[in-house]
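Structure first, commentary second.
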Ligand SMILES: NC(=O)CC[C@H](N)C(=O)O
């Protein structure tokens with residue numbers, strides 16, 4: 001599997017993502033520029049990653065302008081034919097703005113930028129333990145209309161929910177007011193995945209936290225299992 005990390009003007013987690021994938025996860029990875037559109041060398045077994053940051057200065061709404069970039073037109077076509085796409089933080093916002101994932105990311109309930117370590121867990125896996133992963137966002141409160149949310153839950157499209165260190169999913173362990181403690185979802189087909197927490201910031205012993213490695217392994221496994229034929 002090859003990875004391509006898209007760099008937008010204002011991306012600030014692109015280097016972290018490239019480094020984590022290449023050095024910590026030992027994957028083949030290339031940088032992609034937002035003004036380019038050629039991703040013909042990527043097959044549907046490969047993965048395009050939209051990193052975190054403040055693409056186009058977060059003007060209008062986070063991700064609202066990035067979705068119109070030349071590269072995103074290719075990424076949308078790639079996803080629609082079954083290619084794997086992962087968006088982290090601003091990347092998750094861009095995926096929702098593009099219509100590749102359902103719902104939207106609204107301003108945090110406290111109207112403040114929240115930057116701290118939180119716990120998340122894969123609620124589809126009964127044996128999963130809480131993982132400590134950093135968050136850093138102003139617009140991370142996932143919302144979807146009631147019928148859309150019901151479909152997301154019924155299809156088990158929620159991969160990660162915020163929890164506490166003991167794994168309790170409740171209001172106290174919800175850092176931003178997100179619906180049902182949702183931290184990350186996949187699309188109905190299972191080839192597009194987005195999450196607000198930053199696993200790429202927690203993949204190396206030098207950073208004092210390697211829980212992010214498990215996140216990458218889980219979500220790439222989940223996406224691979226469900227990929228469109
Ligand atoms: N770390 C990020 O990607 C931040 C995303 C976006 N700029 C926000 O504040 O919500």
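Quick reminder: no glycine exception, Cβ is built from N, Cα and C everywhere.
Under the heading active site, nucleophile, TrEMBL lists 89. In sequence order, 13, 51, 52, 53, 135, 136, 137, 140, 195, 196, 197, 198 are the residues near residue 89 (active site, nucleophile), counting only same-chain partners six or more apart with C-beta under 8 A.
As annotated by TrEMBL, active site applies to 198 (among others). Neighbours of residue 198 (active site), defined as other CB atoms within 10 A of its CB across all chains, total 23.
Sequence-distant contacts of residue 200 (active site), defined by Cβ-Cβ distance under 8 angstroms and a gap of at least six in the same chain, are 13, 16, 17, 19, 20, 21, 51, 88, 212. Summarising the annotation, TrEMBL assigns active site to 200 (among others).
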Given the active-site residues 89, 198, 200, return the subset with CB under 6 A from an atom of ligand 1, ordered by sequence, or none if empty.
89
